[in-house]
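Asks: Here it is, the structure, as structure tokens.
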Amino acid sequence: MERFISLFLLSFFLFFNNDGFFLQADAAKRGTGTATRTPGGNLKFKLFHRHSPQFGKQGVNGTSLGLPRSKMERFRQLVFGDKGRLHTISKKLAAADPERRRASEIKDFVELPMRSAADLNIPQYFVSFRVGSPSKKFFLIADTASILTWIQCRYKENTDSNVHEGRIFHPEKSRTFKPIPCSSDFCKNKLSYSFVLGSCNSPTAPCSYDYSYEDGTRTIGIFGNDTVKIGLSGGQKIKMTDVLIGCSERTEGHRFEREKDINGILGLGFNFHSFAYRGAKKFGNKFSYCLVDHMSPRSLVNYLVFGGIDGSPLPNMQYTQLVFSFHDPFYGLNVSGISVNGTMLDIPYIWDVNINSDGGTILDSGMSLTYMPKPVFNAVMEAFKAPLSKFKKVALEWGGLGPEYCFNDTGFEESLMPKLVIHFADGAKLEPPVKSYVNEVDDNIRCLAFSSGDHGPMVIGNIMQQNHLWEFDLWHPRLGFAPSTCKLDNKKSKKTNTKA
């Protein structure tokens, strides 16, 4: 049987307030594509941040895609959805089988029964790719906690559709779209493991789904297979055929009513049915991403790469084991402890992923801050107490899950802050720069990029992941990481056409 392969992006990814990613994957007719295949046989995409000037120009009144008016507003947008995201993670892990197994121990992927329910919240990164024949471009939230890829759709001009204004997919106009019958084995015995399915009133009726998210958003539609066209540099195109697509005829909830520029979700979670699995399998069972500092100029670009990266592994690349749960789409790590200025903190042993849903550590591109259970948070804050005493504490209201310690940064220098290191059980160490855990949120105000709670695993958010290359080797399975400027293939990126 085929060896189990799974995929984590970003949650671009990922990031992650469900920091989605926009991935520009269609090429211009004159050969100035934004996805490029390098000599090493990989596929490279640009990830557009929600604050990109591209989406600031396109955003309509009332959407969340407009440019923030201040540093504080920008940071508030970054962390706004963390509370809902954390609730999603905790709920999924609590419902999961407590037994966690390494990917290398799982022999047959198809036998895994999985359920998915991602939290939408405010997207941070977005993807764009073309679906159908002839192809049509859509902008989707790239979600590492969702396994369903769906787009707003009108199947056979269904008069009951309530899809919102914007790009709409019309399956009957795509010669490669094939609805999946509800009476088929694939619907009854494969999709039913991962999705809540609708009734089957006729053997020829399409297999339907009813998919809910933690923020109350709900999408209802039918499953089909279609071709996804991906543009490469030089004008070449590749096609991924028979990609599972959800044709969503109804979306309920404020999220998609407010964000009319967004046409659906790209499922990048841990599941055989996700788009991520297909992409990784096609390009060498590896993917990588690199996220620039969230306060960097908006013109700087993030990258997502399927396949090996030219020049990888980096000279200082470290590797640690990826840990996968039996029932959920998250990607775990074996953390053994945290040190501050070289001293290991006295933290109760809560790192074991086999204890219960409160144990372990997750790398999530969909959450901005790094979430710490109380025993971890308290130990870290105690270690920071002396250096922080030099600065006046500032109380801020976030309206959700936000940084718990902020201060006036008059006289601040990074050298005054302790060096935080996350240690992994196999010897690897994540040593983030100070700016990845002490964030400038406004003029003269900085905050520690940590939040805390009584339950759940530790979650390493996307701010802590910045300025690192993250390589997910799904075959072994292991995670490689190293400091990086995220400047990949600069010569080609200058030719890139990012016009929507």
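Glycine is no exception: its Cβ is also placed from the backbone N, Cα and C atoms.
Straight out of TrEMBL:
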SIGNAL    1-20  signal peptide
DOMAIN    125-482  domain 'Peptidase A1'
ACT_SITE  Asp143  active site
ACT_SITE  Asp364  active site
Asks: Pick the one among the active-site residues Asp143, Asp364 whose Cβ has the fewest other Cβ atoms within 10 Å in this structure.
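Replies: It is Asp364 that, of the active-site residues Asp143, Asp364, has the fewest other Cβ atoms within 10 Å.
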Asks: Using DSSP and three states only, what is Asp364 (active site)?
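Replies: DSSP assigns Asp364 (active site) to coil.
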Asks: Could you give the Cα-Cα distance between Asp143 (active site) and Asp364 (active site), in whole Å?
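Replies: Per the Cα atoms, Asp143 (active site) and Asp364 (active site) stand 10 Å apart.
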Asks: For Asp143 (active site), which DSSP three-state class applies?
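Replies: Assignment for Asp143 (active site) reads strand.
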Asks: On the 0 to 100 pLDDT scale, where does the domain 'Peptidase A1' (125-482) sit on average?
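Replies: Value for the domain 'Peptidase A1' (125-482), mean pLDDT as a whole number: 84.
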